[in-house]
């Protein structure tokens with residue numbers, strides 16, 4: 001049995017991936033590659049349309065550009081390595097490569113939560129304070145809000161990931177995942193009090209950075225719905241509700257996928273089901289976001305057709 005130590009110089013992580021699907025590596029590669037290409041093409045279309053179409057140069061669509069850029073970076077942290085695993089049996093990843101992937105994955109996950117909260121606040125100002133909104137939500141303020149979300153989210157994971165990198169690991173540590181997710185790596189560490197504490201701390205932080213933005217989004221939409229219900233015209237109410245549908249669908253997709261991913265760590269389920277639940281979060285969420293913003297958004301859809 002390999003000894004455990006905190007020396008990172010010669011350590012590697014072995015990503016187990018999908019043990020029950022070892023005979024289906026090529027079909028899995030094709031499916032994952034197709035999803036990845038759809039995500040990249042879809043995000044490129046959205047970004048191009050918002051930049052080129054001057055009718056979409058509004059605060060809401062400034063934040064909309066941030067989300068596809070985020071999704072491209074988010075999927076780039078996990079899918080290329082997963083594709084390499086399927087195609088070339090590249091299951092190993094270096095110690096520091098693993099923790100860089102972990103940082104990128106969780107940092108970008110938190111960024112999306114904060115950006116969705118910022119978009120909800122922008123919608124709150126537009127609906128509840130329409131007269132003050134143009135003066136309040138200036139381009140400078142929008143940039144500051146977006147930059148604050150990115151910077152805050154990319155700083156939050158640093159302490160926990162730094163501490164996780166100092167746990168004791170074997171020379172070759174088997175991680176039951178297809179990428180370096182924090183809880184999967186901690187569970188693969190040599191068992192001691194520090195590993196148990198890291199599991200608890202990581203889960204607590206994940207819940208905190210998920211629940212607080214969700215509460216802000218919920219609070220914003222409670223005020224938005226109350227304001228919309230005060231509109232006398234039925235057509236006006238329907239129009240106001242329809243313009244918020246795409247954002248609400250993205251919020252619902254994001255948080256439902258997070259719930260499934262984290263519940264899989266607490267449930268006694270096969271490894272393949274557990275890994276697949278996390279893959280759904282990292283692949284299908286960006287893909288669904290593309291579909292939602294192009295098909296549900298009444299302004300983006302005709303702009304894409306043009």
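Numbers here mean position along the shown chain, with the first residue as 1.
Just so you know, glycine gets a Cβ as well, placed from its N, Cα and C.
No curator has checked TrEMBL annotations; they are predicted automatically.
In TrEMBL, the transmembrane segment annotation falls on 247-265 of the listed ranges 228-246, 247-265. For the domain 'G-protein coupled receptors family 1 profile' (42-293), the mean pLDDT of the prediction comes to 80. Under 8 Å from some Cβ of the transmembrane segment (59-79) lie the Cβ atoms of residues 32, 35-36, 39-40, 42-43, 46-47, 50-51, 101, 104-105, 108-109, 111-112, 115, 118-119, 122-123, 126, 137, 139, 142, 146, 149-150, 178-179, 250, 282-283, 286, 289-290, 293, 299-300, all in the same chain and six or more residues away from its ends.
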